[in-house]
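Here's the structure, in structure tokens; my notes come after.
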Amino acid sequence: MGPKLLESRLCLLLLLGLVLMLASCLGQTPSQKFAIQHINNNTNLQCNVEMMRINRARRTCKGLNTFLHTSFANAVGVCGNPSGLCSDKRSQNCHNSSSRVHITVCNITSRATNYTQCRYQSRRSLEYYTVACDPRTPQDSPMYPVVPVHLDGTF
């Protein structure tokens, strides 16, 4: 009885470890990645600081990134607007915002071998934006059935 109990506990421990390992491999959902890369309510953000955070996850310097100064909930609301053709000319899940928001565009000015050393310039403006939306994943909040997953452009 002793060896079987030890064996079953070991199997349970291995199974728990496997579940935890799989959960950590799942990483961010597409909507979480969208929020991290494009939603920032700070209209005075510093591109060098914010892009270092994004580049850390990528392990390389991103050349261009647009931050929308709005909430994730407002971006989700855009998913309720009529859908249309995305800039890739294939996808039909793009939605235009009905109001303009402040944006900051960070454009790389100095690319470095080490992603922490890249430098950016900022351009601020007030623009409409287009997001691609998909049904939420099981890891996303059930609060929103459809979520933004890609910033398709500004205009």
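Every residue, even glycine, has its Cβ placed from backbone N, Cα and C.
Note: Swiss-Prot links CYS79 through a disulfide bond to CYS133 (candidates: CYS25, CYS133). Per Swiss-Prot, CYS118 makes its disulfide bond with CYS61 among CYS61, CYS86, CYS94, CYS106. Among CYS94, CYS106, the cysteine that Swiss-Prot records as disulfide-bonded to CYS47 is CYS106. In the three-state DSSP reading, CYS47 (disulfide bond) counts as helix. DSSP assigns CYS118 (disulfide bond) to coil, not to a helix or a strand. HIS38 (active site, proton acceptor) falls within a helical segment according to DSSP.
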